[in-house]
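The S-adenosyl-L-methionine binding site annotation in Swiss-Prot covers G114, I134, G135, D136, Y137, V138, L139, and the record cites sequence analysis as its basis.
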Amino acid sequence: MLLGIITLFPDMFNAITRYGVVGRSVRKGGLVIKIWNPRDFTYDQYHKVDDRPYGGGVGMIMMIQPLKRAINQAKNDLGCDAKVIYLSPQGKRLCQKYVYDLAYNNQALILVCGRYQGIDERLIKMEIDEEWSIGDYVLSGGELASMVLIDAMARVLPGTLKNRNSQKSDSFFENKLDCPYYTRPKIYEGMQVPSVLLSGNHRDINKWRLKYALGNTWIKRPDLLKKIQLTQEEQLLLTEFKNEYLSG
């Protein structure tokens, strides 16, 4: 997967490209990341990339010229059909389905990281194909949001995770949250690991995990259950969980 990043702070991305699942994907060649700094596409001695907004107001606005030149260079290197994405609190809310769509669209992506009060609206109209948000809150810039998107995409690419099946237990896979997990010791301050997880019966363990994944979803994100059609087994397991939960 080819991925371009337009950012004023390229070194920030060392935090993910050198470590964890993203670093593994980069080292294996599944994810190829290139970065362009808009300051490298300025022609004045101060490398100016921002200016005051017309009409007044607080903050500064990223200028269109350096950003557009950086995007043009990215398209020249990655391909003119690369999809340009602006990470913005005004964008569509990112979810797991869209992560899969972006990761498997066989198209290079260019992530534009805004700073200051935002970017010139004309750049959005001229160059941005999609706007995406990671939540209803504001960050100091688009770099952290881009890292979230990159990490989410990297873990669904082939060869990134050591165990491909681990994706299937992730929260939001098939619109369900994940089940609880436990590790040693078996007992900690009187709290015991559920006996079924110690039984060695994988059929019972899988059934328990499905039951508690559904239960977790019902308690924490009931809105997700409205998006899926439960099987008869899932309905029975969820009913069983509800009865146990409500009875204390």
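Note that Cβ sites are derived from N, Cα and C of the backbone, with glycine treated the same way.
Annotated features taken from Swiss-Prot, shown on the structure.
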residue : record                               : Cβ within 10 Å
G114    : S-adenosyl-L-methionine binding site : 25
I134    : S-adenosyl-L-methionine binding site : 20
G135    : S-adenosyl-L-methionine binding site : 11
D136    : S-adenosyl-L-methionine binding site : 7
Y137    : S-adenosyl-L-methionine binding site : 7
V138    : S-adenosyl-L-methionine binding site : 8
L139    : S-adenosyl-L-methionine binding site : 15
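Binding of S-adenosyl-L-methionine is attributed in the record to G114, I134, G135, D136, Y137, V138, L139, and the widest Cα separation among these residues amounts to 16 Å.
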